[in-house]
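Engineer: Could you have a look at this structure, given as structure tokens, before my questions?
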Amino acid sequence: MSGGVIRGPAGSNDCRIYVGNLPPDIRTKDVEDVFYKYGAIRDIDLKNRRGGPPFAFVEFEDPRDAEDAVYARDGYDYDGYRLRVEFPRSGRGMGRGGFGGGGGGGGGGGGGGGGAPRGRYGPPSRRSEYRVIVSGLPPSGSWQDLKDHMREAGDVCYADVFRDGTGVVEFVRKEDMTYAVRKLDNTKFRSHEGETAYIRVKVDGPRSPSYGRSRSRSRSRSRSRSRSNNRSRSYSPRRSRGSPQYSPRHSRSRSRS
């Protein structure tokens, strides 16, 4: 297999992530399928080292999407290979150096060389006053599930969920918040585990009781999810309002999510 490159303009290290411990037969399109749902991709550089597992660099348009991808995909089981996903160690204050280790195949860990601290990457940190409260979420609904669902209304800059089945979502623009209440209230929500529920969406008041509660499932990163469960996740790509989206092709028979 030869590595493939999808080229785009250069960007910040905050937008670029390292993906290690890939299977030997991985293709650029396969890497794309794993990461496209987290945001617009600018560049995928897939490399195949002689005597070692392939690795790739994926560059997003938005650094918040890169954080989402690291949080959600580090440790992800891909055809028996546990992916190692982190920011390049020359960026984000990690110092300079190579990527030690890389892990073995067949579910071996991505050990060696360290990496970003576990649990560092939670919901995106950018905040907005254009906030809605969502209620009626199923127990397995995560902040990423909620963010994906609400992207149907526009650009989401923050999302989180709480133990009582409520969540908070913040939009970049006021009109997106208004559209979300009008179009997504009482719609069917589907979690990454396939649980469905009809949710209610309303504009957050100045003293919302749900905002700021302690989190539980929003921060947990499950490493035991099956690929079939991940395939069931319903993703809605962000509406294009600026730069063109990186448009994946989904004609392969082995579609991975």
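Any Cβ shown, glycine's included, is placed from N, Cα and C.
Okay, so Swiss-Prot annotates it like this:
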type     : residues : note
COMPBIAS : 94-117   : compositional bias 'Gly residues'
COMPBIAS : 214-241  : compositional bias 'Basic residues'
DOMAIN   : 15-90    : domain 'RRM 1'
DOMAIN   : 130-204  : domain 'RRM 2'
REGION   : 94-126   : region 'Disordered'
REGION   : 202-257  : region 'Disordered'
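I'd like to know what surrounds each of these features in this structure.
Structural biologist: Helix, strand and coil residue tallies for the domain 'RRM 2' (130-204), in that order: 19 helix, 29 strand, 27 coil [DSSP].
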Engineer: Per DSSP, what is the residue count of the domain 'RRM 1' (15-90) in each of helix, strand and coil?
Structural biologist: 23 helix, 25 strand, 28 coil
